[in-house]
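These features come from Swiss-Prot:
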ACT_SITE  Glu80  active site
ACT_SITE  Asp108  active site
SITE      Arg195  site 'Important for efficient shutoff activity and nuclear localization'
SITE      Lys198  site 'Important for efficient shutoff activity and nuclear localization'
SITE      Arg199  site 'Important for efficient shutoff activity and nuclear localization'
SITE      Lys202  site 'Important for efficient shutoff activity'
SITE      Lys203  site 'Important for efficient shutoff activity'
SITE      Lys206  site 'Important for efficient shutoff activity'
Amino acid sequence: MEDFVRQCFNPMIVELAEKAMKEYGEDPKIETNKFAAICTHLEVCFMYSDFHFIDERGDSIIVEVGDPNALLKHRFEIIEGRDRNMAWTVVNSICNTTGVEKPKFLPDLYDYKENRFVEIGVTRREIHIYYLEKANKIKSEKTHIHIFSFTGEEMATKADYTLDEESRARIKTRLFTIRQEMASRGLWDSFVSPREAKRQLKKDLKLQEPCAGSPTKVSHRTSPALKTLEPMWMDSNRTAALRASFLKCPKK
């Protein structure tokens, strides 16, 4: 699973996921299913945000990569992926500027068009149950919830899906492709079932025991299927800015 994640996702997303796990004392090399889930969630958050801007009249518009619209304001502020202190700083700044109610839990995005925080969910389980769990945890009508599944289903607060159909279809297609690629490598069942994942982990650890001290040969080749899987949606200029913003070390 770890090799699949590193091949499948944008390097910046992998780096952010590793950083988030280490912040909570988790090891991406051991908890590989969680590693994959965090990368998937991060990618959906970025895809949700990318190409969506607000023009000078306050209207939401879609701008594809390469268009000369650098002065447009991004519609969504990305909160997910930042370290907790920085994330709360961003949330507090938004609340102070807009007057919106401060959430009890860190949301994933802020929508400047609708003036609301957004909680993004990506589930391997039954979507209605997952939505109810999210809503029960957040306990706030001010935070908008939008859930996607790997089967192409989605569910949102008051059936308000925020994005246009094409943008949502891009997210659903990406999730379905990830599922198919996992399945073709025999990874999907353990990704869906925690019990199966634990069994697979024990099996992997047992296989590693006899050669723990041996050097590991790593292949850096990417299969043709993974080349098509590599996300092409990220705006290169924004990627660089996000990397600088999200990954910079805090000053001591």
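Using N, Cα and C of the backbone, Cβ positions are placed for all residues, glycine too.
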**OP:** Only counting partners 6 or more residues apart, tell me which same-chain residues put their Cβ under 8 Å from the Cβ of Glu80 (active site).
**Re:** His41, Leu42, Cys45, Ala87, Leu106, Pro107, Asp108, Leu109, Ile120
Original post:
Relative to the Cβ position of Asp108 (active site), how many further Cβ atoms are located within 10 Å?
Top reply: 24
